[in-house]
Amino acid sequence: MAVLCFLILSLFSGWAASYQEGDNVTLYVNKVGPYHNPQETYHYYTLPVCRPDKVHHKSLSLGEVLDGDRMAESLYFIRFRKNEERKTLCKLTLSEKQVDELREAIEELYYFEFVLDDIPIWGFVGYIEESGFLPHSHKVKSETLDLVCSDCAVCLPPYLFISSCSPFLRQVGLWTHLDFNIEYNGDSVIFANVSVKDVKPFPLEEGAGAAVAGVGVGGGSLTVTHTYSVRWFESSMPSARRAERLRDYSFFPKTLEIHWLSIINSLVLVVLLLGFVIIILMRVLKNDFARYNVEEEGGCDDLDQGDNGWKIIHTDVFRFPPFKSLLCAVLGVGAQFLTLATAIIVMALLGMFNVHRHGAINSAAIVLYALTSCVSGYVSCSFYTQINGQRWVWNIILTSSLFSAPLFFTWSVVNSVHWWSGSTQALPATTVLLLLGAWVLVGFPLSVIGGIVGKNRAGSFQAPCRTRNIPRQIPPQPWYKHTVVHMAIGGFLPFSAISVELYYIFATVWGREHYTLYGILLCVFAILLSVGACISVALTYFLLSGEDYRWWWRSVLSTGSTGLFIFVYSVFYYRNRSSMSGLVQSSEFFGYSLLTALVFTLMLGSVSFWASLAFIRYIYRNLKMD
């Protein structure tokens with residue numbers, strides 16, 4: 001219970017503070033990293049920058065730690081509503097190795113993140129300018145070559161051949177002065193950013209053995225003086241709406257916007273698809289009922305065996321499938337994620353995830369995953385009991401580990417890579433123990449409790465027709481009724497309904513923007529579930545019409561294959577829509593993309609199964625049984 005209380009408290013942290021004029025407003029330094037690799041972050045003090053003699057870290061919430069935050073107090077002294085002009089922060093003497101570290105960071109487009117009153121402040125570590133013919137993506141050591149083309153054996157255009165004859169100059173500069181612009185309203189901080197306008201970068205040469213820009217250098221070292229200015233501006237925006245001010249700020253590229261045209265297009269396609277499937281199915285079923293119910297003699301077990309179609313397999317359609325425990329575990333975990341996703345979206349619509357609460361969604365996901373474990377246990381064990389499952393203890397264990405085991409394995413690999421590289425995304429041991437305690441003390445016990453309740457409250461399966469002991473032989477099926485074809489159709493259509501919104505979600509998760517279009521997300525989520533259920537019903541009908549009663553697993557896999565399409569899209573996004581690179585970023589991207597695909601597979605597989613089961617019960621219940 002203590003673990004759960006801590007998780008819930010960490011979810012509701014991050015409220016704006018109030019200050020009196022002259023009060024100290026603490027500026028925390030957080031992390032740095034390559035601009036194009038959002039998840040590859042390192043502590044700010046890993047760079048040779050101004051730092052206190054003893055570093056004091058801020059107490060962080062669980063969501064902040066999961067987000068890679070490692071906030072520490074800085075040397076910046078900022079007083080509420082007190083301007084400062086070119087105040088000296090510190091004077092550093094950099095060794096040649098430290099200069100090379102800064103040069104490498106600047107060449108990799110490192111940006112930093114500070115935090116002032118829960119407001120993130122971003123800026124670049126330095127400035128880089130290239131002259132010559134090399135594209136920016138090529139990383140070449142900065143050299144000024146005085147050679148001329150006549151000294152070369154072969155002369156080619158510089159953009160086609162790079163040699164000692166290709167003049168190229170890369171100038172790297174360090175921002176040693178920062179201007180902090182802070183907006184306030186009354187006793188609250190509304191917004192803050194950092195600017196380097198009208199500031200010249202401090203040049204960093206390849207070596208540190210010569211004088212630079214008039215600054216004395218000697219003995220292989222370079223002396224740098226860091227300064228800063230603080231300017232306060234009054235704002236009319238109330239503190240309750242300060243999230244809107246941060247949302248409008250554009251240090252990072254803006255990719256999120258209200259895309260009504262795409263949403264309306266998806267809605268029209270979905271309505272047409274649903275209408276088409278429903279009308280066609282209803283007309284076909286009406287003809288089927290009229291034909292099958294001509295015989296008014298006998299019950300469901302005595303229907304004419306000479307007929308063909310879905311009626312003739314009435315004695316086999318409710319034959320329980322193989323791997324019953326695994327099927328029930330998939331249904332249980334899918335129902336859990338369906339509940340979790342709905343709760344996250346509803347909480348977001350209620351305004352519980354504003355941009356100033358670092359990692360609030362991460363904390364909410366952990367809390368809800370632990371609490372909704374009872375849903376997975378209940379659904380899985382209840383249905384397992386209905387289909388005459390005997391090993392209910394094993395079913396609960398399988399349900400509990402169906403997602404948590406792949407999650408732990410993926411996290412272990414990704415976290416090891418982050419730990420090896422020294423990234424702040426590597427979780428501390430205390431956080432690992434906290435998450436493990438949340439699963440052991442909250443998640444797993446709730447799964448067991450839910451399973452026991454589901455087992456005791458499970459009724460009968462309620463099949464409209466009895467199942468014979470000897471299974472009917474399944475006739476050969478045409479190629480378009482094979483599992484792979486159904487998976488391709490059942491996965492592509494739901495994916496096409498969410499493909500537009502999926503780009504914005506990827507830009508948020510693998511970028512630095514905060515997703516705010518939760519109303520649209522709710523519409524797209526409803527569209528996804530509707531299309532998945534409808535397509536599953538249609539594919540199940542086509543399967544039964546071919547006298548194939550193996551619909552149990554087919555209904556799960558048909559729409560559940562949407563997860564495969566999402567993973568393929570993630571590969572496309574990585575290669576064509578992002579600039580991510582490197583082992584650290586790639587391992588995290590593909591590792592968690594696989595988990596995302598698994599979540600969609602479980603969730604949509606569960607929805608499509610229950611839709612198919614309800615449909616099958618409906619059509620066989622409506623067969624005349626006088």
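Residue 1 is the first one shown; counting continues down the chain.
Glycine too: its Cβ is placed from the backbone N, Cα and C atoms.
Taken from TrEMBL as is:
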SIGNAL    1-18  signal peptide
TRANSMEM  260-282  transmembrane segment
TRANSMEM  326-353  transmembrane segment
TRANSMEM  359-380  transmembrane segment
TRANSMEM  392-414  transmembrane segment
TRANSMEM  426-453  transmembrane segment
TRANSMEM  484-506  transmembrane segment
TRANSMEM  518-544  transmembrane segment
TRANSMEM  551-574  transmembrane segment
TRANSMEM  594-620  transmembrane segment
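Non-local neighbours of the transmembrane segment (518-544) in the same chain are 258-259, 263, 266-267, 270, 273-274, 277-278, 280-281, 284, 309-310, 313, 317, 338, 341-342, 345, 348-349, 481, 486, 489-490, 493-494, 497-498, 501, 505, 550-551, 554-555, 558-559, 562, 604, 607-612, 615-616; each lies 6+ residues outside the stretch with a CB under 8 Å from one of its CB atoms. Between the transmembrane segment (326-353) and the transmembrane segment (359-380), three or more CB pairs separated by 6 or more residues in sequence fall under 8 Å, so the two stretches touch. Beyond the ends of the transmembrane segment (594-620), by six or more residues, the same chain brings 285, 288, 300, 310, 314, 317-318, 330-335, 337-338, 341, 402-403, 406-407, 410, 462-465, 490, 494, 528-529, 532-537, 540-541, 544, 551-552, 555-564, 566-567, 570 to within a C-beta distance below 8 angstroms of the stretch.
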